[in-house]
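Take a look at the structure below.
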Amino acid sequence: MENPNNWSMVELETPSEDDSFLLTKGEKVKNKNAKQLTWVLLLKAHKAAGCLTSIASALFSFGSVIRRRVATGKTDSSTSNSWFYSCIKVFVWFSLILLGFEIAAYYKGWHFNTYDLHIQHLYTLANPLAVKGVFDLLYSIWVVVRVEYFAPILRSLANVCIVLFFIQSLDRLILCLGCLWIRIWKIKPVLKDGPVDLEDGDGGYYPMVLVQIPMCNEKEVYQQAIAAMSSLEWPKSKLLIQILDDSDDSTTQMLIKEEVHKWQKDGVNIVYRHRVIREGYKAGNLKSAMNCSYVKDYEFVAIFDADFQPSPDFLKRTVPYFKDNEDIGLVQARWSFVNKEENLLTRLQHINLAFHFEVEQQVNGVFLNFFGFNGTAGVWRIKALEGSGGWLERTTVEDMDIAVRAHLHGWKFIFLNDVEISIWKKGNLIFLFFLLRKLILPFYSFTLFCIILPMTMFVPEATLPTWVVSYIPATMSFLNILPSPKSFPFIVPYLLFENTMSVTKFNAMISGLFQLGSSYEWIVTKKSGRSSENDLSLLVDEKPKHQRGTSEPNLGDLKEEFNKKARKSSRKKKHNRIYTKELALAFLLLTAAVRSLLSAQGIHFYFLLFQGISFLLVGLDLIGEQVD
């Protein structure tokens, strides 16, 4: 080795103070980022756990509510509707059996399309030794029966319903276009000879007007109703108010009679009538009142339900349209609603009724001079009522009945969209008035979406197209919500709600057509007695003594007893009703939703799932309010 003593040294420099500071700072930043990441992950995990806890809590609460509903609820079962419920149960059991059959076939590997299964069955019949088991034989037989017999029938029914669906959708579109035309050109009913001077030098146009308020146990609203009618601005000598009380509760009768007596002492021309023999429900009540001898002295009659409070100038804004228009038989005002945002049920009902008044009634009134009388908030020419046969007890829809007969006798109607009448808690909702909406809508809506659609999941050869299930219904729901734009967030619940209500409509249609069960029975809806501040504040200011409900000495004890009964009844345990038909349909739709998973039909699955849940909510009375 050369130069063994030659060697070199390498000097290693130690880090300076600045380098040590930078290194320490970097490590701190790195450690800080790691800690931040850990905290972020922990926070997200906490949120996820909270979300899962909320979902579990909601499911537990929902299960508790279901158990409570089932334990304390009262069913709506009755002999009159047992046939309808029995038919639904047949479909439910049929779908459950098929679902079990299909699931077993799915896990056994029968993943064939319709054509392959048909060939498989023919091959099985030609080669009996090739049969692997009894189940394979039974399933192949079911497939052929399904293809040869069930599918053609189901396809035919589906095609009929689709045609009806198209007709009804076209009708809805035409109504919306007509409403748009009215809005663009600002078409409104006009007085024949211009504005009428009600107080001119010749005495003005003040014909004799009769006001009728049919009541039946309206203990919550009778004071407000009588006060509102007594405040109408019309000459007292040309106005008579009839309180037509059909109450079967003696306490309520005495209270209403006393309220009428108070207004009589105040100079209001108001009378109280009570029928001993209550026949014909509301129609019979109105007919009995029209038979009074003094009615012949009056030219017009204004009809209001007990839960309506017209503005004081209502008659001044409606009666002038009859002047010099001898062919006008009815002037109808539009309803307004003060409890439309109370809960989900009232919101969905408001969508329907807003479309009915803003679109249907207005368009038919402008272009056809005909629409269905809404049973209240309308002024009739008495000659038109009598000339059309008057009120008939043959039906519980006496408002539509008299409107159709009057139109057939040549009378024209006027709908005033700018005259609103306040209403709350209206139970007898008016959904359908005309033949198209009375027959076609309930039939196709129930049959197509509640029966045919779930059945097509088990008979895939008759599958409904996607546009029938989703696109067209969504478009129609969008058109329905146009008159109430604030309800757009509820478009999906509204679509499900409409299909849910189709059960009630279909049942009512069949019962009415074939006179089944209680089709002629009228159930009086309970009024809550709540009104808007704008409606009654003026009445409270003008007539405080009447609104405060002072009583005569001889009725003080009676009112005290009445209040005790009311407090006692309010403490009673509330019961919810279990709607068996809706529950049965919920099981049918949810069963079909499970079957749709096997065939990977996404849109159909979600529609059936959410529709089934909506039926379940309605069936358990989880929508709206509890009632005694």
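A Cβ is built for glycine as well, from the same backbone N, Cα and C atoms used for every other residue.
The feature transmembrane segment is assigned by TrEMBL to 37-62 (among others).
Summarising the annotation, TrEMBL assigns transmembrane segment to 82-101 (among others). Residues 139, 142, 451, 454-455, 458, 507, 510, 516, 580-581, 584-585, 587-588, 591-592, 594-595 of the same chain sit 6 or more residues outside the transmembrane segment (82-101) yet have a Cβ under 8 Å from a Cβ within it.
Annotation comment: TrEMBL describes 122-145 (among others) as transmembrane segment.
For 157-182 (among others), the entry in TrEMBL reads transmembrane segment.
Among the features that TrEMBL reports, transmembrane segment is placed at 439-458 (among others). Outside the transmembrane segment (439-458) by six or more residues, the chain places 91, 95, 98-99, 102, 146, 154, 157-158, 161-162, 164-165, 167-168, 432, 464, 468-469, 498-499, 502-503, 505-506, 508-509, 585, 588-589, 591-593, 595-596, 599, 601, 604, 607-608, 611 with a CB less than 8 A from a CB of the stretch.
Here TrEMBL flags 542-573 as region 'Disordered'.
Sequence annotations record features per position, and here TrEMBL assigns transmembrane segment to 578-597 (among others). Counting same-chain residues at least six beyond the ends of the transmembrane segment (578-597), those with a Cβ under 8 angstroms from any Cβ of the stretch are 69-70, 73-77, 81, 84-85, 88-89, 91-92, 95-96, 98-99, 102, 450, 453-455, 457-458, 500, 503, 507, 604-605, 608-609, 611-613, 615-616, 618-621.
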